[in-house]
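Trainee: Pasting in a structure now, in structure tokens, and then I'll have a few things to ask.
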Amino acid sequence: MLFKLSFSSMRKSFKDYLVLLFGLTISIAIFYMFQTLAQNKVFLESNAMISSIVFVFHVGTFILAAITIFYIFYATSFMLSMRQKEMGMYMTLGAKKYKVAQMMFFETFFIGMISLLIGIAIGIGLAEGIASLFMWQLDFSGEGFEAFYLSSIMTTVIFYVILFSLTSIVNAVKVARQSVLELLHADRKHDEVNTKGSRTIIGVFFAIALIAVGYYAMIHIDKLVQFGVILAAITITIGTYLIFISFLPYFIKKLKGIRTLNEKGLNAFTLAQLRFRVMNLTKVLGTVTMLIALGLGALTAGISFYHNIEKQSSMFQTNDVVVHQPSETDEEIIETLNITEQHEYRYKVKKDGVYFLKEDLLNNPPLIREFNPEIKEIPEPKSVATSLPAEKYAWNEDEQMKAMPEGWYTAISTELNTSFYMFGGRDIYIYDKTNFQKIDGKEQHVFTAMIEDFKEALPKLEKIDKGQQEIAASMTGEKPETTGSKYSNYVAIKGFSNGTIFMGFFLGVAFLMMMASVLMFKLLSSANADIQRYDMLRKIGVRRSVLTKSIYRELFLVFLFPAIIGLVHVLVGMQMFSFIIIEPYTKIWIPISIFILIYGIYYVMTVQMYKRIVLPKEE
Amino acid sequence: MSKPVLQVKNLHKIYGKKNQNQYHALDHVSFTINEGEFVGIMGPSGAGKTTLLNVISTLDDASEGTIEIAGTNITSMKQNQLADFRSEQLGFIFQDFNLLENLTVYENIALPLSLQGVSSKKIKPNVEKVAQRLGIESILKKYPVTISGGQKQRVAAARALVHEPAMILADEPTGALDSKNAKSLMETIMDLNENHDVSIMLVTHDPLSASYCQRIMFIQDGKLYKEINRNSTREVFHQQILNVLAEFSG
Ligand SMILES: Nc1ncnc2c1ncn2[C@@H]1O[C@H](COP(=O)(O)OP(=O)(O)O)[C@@H](O)[C@H]1O
Ligand SMILES: [Mg+2]
């Protein structure tokens with residue numbers, strides 16, 4: 001009989017259950033998505049740039065599991081808050097306590113199992129969708145990745161069945177422990193506000209000190225290495241929680257203390273609600289902040305690695321295109337490029353050497369980038385300024401000839417691409433006109449150019465590079481794997497970055513989806529308690545629009561604090577990558593915009609659902 | 001003759017949609033309350049008292065008829081206008097107090113003024129004035145959970161009064177109070193009416209509370225069925241009320 005009642009009331013409040021189902025499903029889908037990567041060691045090891053990536057994923061699994069446990073408890077307590085009044089009513093009508101507790105267990109578990117089914121299905125779909133989107137974007141084959149991964153399904157099922165059993169028991173026990181009156185008046189609790197000044201000051205001091213240590217560790221990660229990562233993780237996490245425990249409640253209290261602000265319009269109420277949230281949500285806000293930091297961090301690192309490919313490949317070469325002995329097809333392709341600067345240099349090839357014409361070089365000294373291991377930015381191009389007074393110079397000094405000066409050496413080997421791949425073991429010489437003419441051999445030339453948009457020209461450059469491989473083959477008798485051109489460097493760097501970028505994107509999106517829904521749940525689970533407050537305000541004549549505005553403002557601030565702190569963590573945290581990424585902050589607006597978009601959607605969704613709960617429908 | 005503060009004409013309220021079983025909660029009710037009057041509405045449970053109050057207080061809309069409060073016809077107003085009207089012209093006291101428990105007593109009382117955009121400099125003396133009138137100056141800094149039911153109802157009354165509304169509407173304000181607190185609250189309300197010219201409409205089913213009114217209208221099955229005026233002492237009026245109720249149930 002009770003079960004029939006329970007089903008019919010579940011059908012009635014179907015929309016509320018939809019909210020719950022949605023949240024649980026997201027959590028399960030994300031957990032599963034993460035597992036498809038984390039458990040696929042073959043994929044991880046063969047695609048990651050960072051050798052300890054499997055370790056990183058172990059830590060990730062641990063963090064995600066911990067967060068998920070919190071999350072599921074919040075979500076199911078949302079369910080309890082929805083149902084407890086009714087449960088209390090059944091008890092006043094004479095239902096036995098254990099029966100009602102049993103019913104609560106059954107309901108929680110039932111919802112859990114449904115969401116597990118849907119969640120895994122959506123998880124497989126999401127993993128497939130996001131993976132193929134990123135793989136397509138990155139032009140990355142991602143061999144070994146499988147969206148439908150059996151062992152991940154097993155892990156997810158086992159983990160959630162255990163978790164739902166636990167939360168169902170907890171819900172049942174909670175119902176059983178409370179008295180009928182407590183259940184009936186569950187929505188009328190008062191929240192004490194205790195914020196002692198001295199405690200706050202100590203808390204804030206420790207928070208700032210800990211975060212400062214963590215930031216220091218991240219900035220000096222090159223010296224502290226793995227110890228630094230662990231140190232930063234611990235200090236920043238604790239510091240973040242401390243900020244939410246000590247500083248934020250104090251701040252809101254002070255804000256509320258400003259009479260002119262507090263007594264304006266509905267502010268007294270809005271601020272009271274906000275104070276209540278901040279007091280009750282310290283742990284959630286801290287968790288959300290850390291999730292934002294992790295998610296946004298992974299995303300930013302991924303995108304940073306992505307832009308790094310082009311930078312890394314521009315690290316040494318100024319010229320985007322270098323074509324030896326251009327063929328007719330090469331000429332045609334060159335015609336279509338957006339060239340900003342171009343030159344030609346004549347040379348002759350013999351069995352033992354390549355001879356460049358000094359006058360050509362001096363007329364248009366190539367721009368070079370001087371590599372300096374100390375500097376973390378791309379070196380500025382400089383034209384070679386050293387004069388060449390002698391008639392002949394050689395790559396390697398010998399009795400007859402001087403070695404070519406440093407800058408010229410770089411210019412010829414790198415900018416004119418006379419690498420081993422192109423010319424094999426031949427020596428390189430610079431001869432003046434008179435001596436150049438004496439060499440018997442066909443006069444050749446190398447064409448160099450800088451173009452407007454390197455990435456856009458990639459398909460054309462690929463064709464040119466194929467041709468250059470043929471020429472290299474004719475020089476060395478063997479077709480090389482790479483020509484040493486900027487294009488071939490780009491392809492090589494991209495090859496080993498893509499796996500890392502893919503993981504960054506994938507995890508980043510997963511974490512971001514997760515974090516905002518944690519907040520959404522916690523907020524919605526307390527919404528039932530606010531119904532009366534809004535109803536009273538409506539009765540004394542507060543316009544609906546004013547109430548709506550109050551909700552928007554209050555929740556905006558609740559969403560804002562974790563976002564700001566999480567963002568600062570990420571901005572500092574990107575320093576960790578500065579030893580493998582050149583200029584890690586390039587285009588940081590992209591991940592930040594993605595974050596703001598996802599977060600914004602959650603914010604608006606939360607406001608809408610909250611409004612639906614606390615404000616009666618418009619007539 | 002003083003002018004009317006509330007004019008109800010031919011008011012009809014139907015619950016339930018057409019073609020379904022409809023319920024006529026108010027059946028063509030008409031009456032007038034003058035400025036400075038203290039009128040009680042009595043009747044058995046389910047008679048339509050709360051419905052009447054809700055419709056007058058613009059919380060619910062009428063199916064038929066007109067309501068004029070302080071010269072304004074509220075039956076044709078839009079949602080936002082109604083909200084503004086409530087916040088400016090009406091004060092409410094409900095049975096279950098309806099205080100915001102996350103605000104202090106002071107903040108609760110100040111709310112109607114804040115909502116009307118009164119500056120915080122002017123709010124303070126106003127709040128203190130009504131608090132004094134209702135004898136709750138000492139608890140202004142407290143939160144509602146820490147005060148008694150009687151005090152809560154005084155706070156609710158203070159909040160209903162602070163913006164000097166045209167009329168106060170009270171629905172069973174003594175319903176959740178013990179007899180001592182009920183008596184003291186009714187004395188305060190009567191004082192507000194007699195010495196401060198506040199117009200009051202009080203819904204109750206408690207004869208003792210009703211005896212503080214000047215006039216009582218009895219309602220049953222959505223119809224006004226009797227009206228009596230107080231023309232001697234409260235004790236006599238109390239007896240008169242009991243007689244009507246006895247006659248009614250008999
Ligand atoms: N929202 C509603 N929908 C349908 N019927 C209602 C509604 N509100 C009240 N009623 C009915 O109208 C009648 C009068 O109710 P009410 O005004 O609350 O009575 P009172 O306050 O005098 O006890 C009751 O029979 C009640 O069942
Ligand atoms: Mg009633």
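Cβ atoms are placed via backbone N, Cα and C, with glycine included.
TrEMBL feature annotations, pasted as is:
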TRANSMEM  A:17-35  transmembrane segment
TRANSMEM  A:55-82  transmembrane segment
DOMAIN    A:61-179  domain 'ABC3 transporter permease C-terminal'
TRANSMEM  A:103-127  transmembrane segment
TRANSMEM  A:147-176  transmembrane segment
TRANSMEM  A:197-218  transmembrane segment
TRANSMEM  A:224-252  transmembrane segment
TRANSMEM  A:284-306  transmembrane segment
TRANSMEM  A:501-524  transmembrane segment
TRANSMEM  A:555-582  transmembrane segment
TRANSMEM  A:588-605  transmembrane segment
Trainee: Over the domain 'ABC3 transporter permease C-terminal' (A:61-179), what does the predicted model average in pLDDT?
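Mentor: Reported value for the domain 'ABC3 transporter permease C-terminal' (A:61-179) is a mean pLDDT of 83.
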Trainee: Please give the sequence-distant neighbours of the transmembrane segment (A:284-306): residues at least 6 beyond its ends with Cβ less than 8 Å from one of its Cβ atoms.
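Mentor: Distant Cβ neighbours of the transmembrane segment (A:284-306) are 49, 63, 67, 70, 74, 138, 236-237, 240-241, 243-245, 248, 278, 497, 500-505, 507-512, 514-516, 518-519, 522, 558, 561-563, 565-567, 569-570, 573-574, 577, 581, 584-588, 590-592, 594-595, 599.
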Trainee: Is the transmembrane segment (A:501-524) packed against any residues at least 6 beyond its ends, judged by a Cβ distance under 8 Å, and which are they?
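Mentor: Same-chain residues near the transmembrane segment (A:501-524) but 6 or more away: 19, 23, 26-27, 30, 33-34, 37, 44, 47-48, 53, 60, 64, 67, 70-71, 74-75, 78, 130-131, 134-135, 138, 140, 142, 277, 281, 284-285, 287-288, 291-292, 294-303, 305-306, 555, 558-559, 562, 591, 594-595, 598-599, 601-603, 605-606, 609-610, 613.
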Trainee: Using a Cβ-Cβ cut-off of under 8 Å, list the residues of the same chain that are 6+ residues beyond the ends of the transmembrane segment (A:224-252) and lie near it.
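Mentor: Contacts with the transmembrane segment (A:224-252): 52, 193, 195, 197, 199-200, 202-204, 206-211, 213-215, 217-218, 271, 274-275, 278-279, 281-283, 285-286, 289-290, 293, 561, 565, 569, 573, 576.
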Trainee: Looking only at the domain 'ABC3 transporter permease C-terminal' (A:61-179), how are its residues distributed among DSSP helix, strand and coil?
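Mentor: Split into helix, strand and coil, the domain 'ABC3 transporter permease C-terminal' (A:61-179) gives 102 helix, 0 strand, 17 coil.
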